[in-house]
Amino acid sequence: MFARCVATIFASLLVTLAVASPEYYAPQGSTAPAPAGQCNVGNQQCCNTVQEASSDPVAGLLGLLGINVQDVTGLVGLTCNPITGIGGLNSGCDASPVCCENNSFGSLISIGCIPISL
């Protein structure tokens, strides 16, 4: 019981740290964001934070979820919500619109993300 409480508090702390971290900005020389039309509608997400999987907060969170950081390709989005509407139109995403391969962790984390333009 105590271990479960500690794990829950630790996970909450990691999420708080990850959300408080600065947003991801693509490094120079990276490719332009993919158009939203090239992403399946169900995979479009609006994430508060997008970071490399190897960043400290994200790597810690992935470890808690039992995901090997080396297995993650692309970026990781934190606290994401689905983008609704045709082609992302009228989505109201003021954060980081991304297209993610794995959204199976609810709104907590999305894996294998690439930036998209809406």
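Positions of Cβ are set from backbone N, Cα and C atoms, glycine also.
Per Swiss-Prot, signal peptide is recorded for 1-20.
Per Swiss-Prot, the feature disulfide bond maps to CYS39-CYS99 (among others).
Within 10 Å of the Cβ of CYS46 (disulfide bond) there are 21 other Cβ atoms, across all protein chains. Positions annotated as disulfide bond by Swiss-Prot: CYS46-CYS93 (among others).
For CYS80 (disulfide bond), the count of additional Cβ atoms within 10 Å of its Cβ stands at 28 [all protein chains shown]. Residues or ranges marked as disulfide bond in Swiss-Prot: CYS47-CYS80 (among others).
The feature disulfide bond is assigned by Swiss-Prot to CYS100-CYS113 (among others), with similarity to another entry given as support. Around CYS113 (disulfide bond), taking its Cβ as the centre, 29 other Cβ atoms fall within 10 Å, counting all chains.
If you look up Swiss-Prot, you'll see ASN102 marked as N-linked glycosylation site. Within 10 Å of the C-beta of ASN102 (N-linked glycosylation site) there are 15 other C-beta atoms, taking all protein chains into account.
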Recorded positions clustered about CYS46 (disulfide bond) [Cα within 10 Å; pool: CYS39, ASN102, CYS113]: none
Cβ atoms near CYS93 (disulfide bond) (within 10 Å, other residues, all chains): 19
Those recorded positions, out of CYS39, CYS47, CYS99, CYS100, ASN102, CYS113, that come within 10 angstroms of CYS93 (disulfide bond) at the Cα: CYS47
Euclidean distance between Cα atoms of CYS113 (disulfide bond) and ASN102 (N-linked glycosylation site), Å: 8
Assigned conformation of CYS99 (disulfide bond) - DSSP reduced to three states: strand
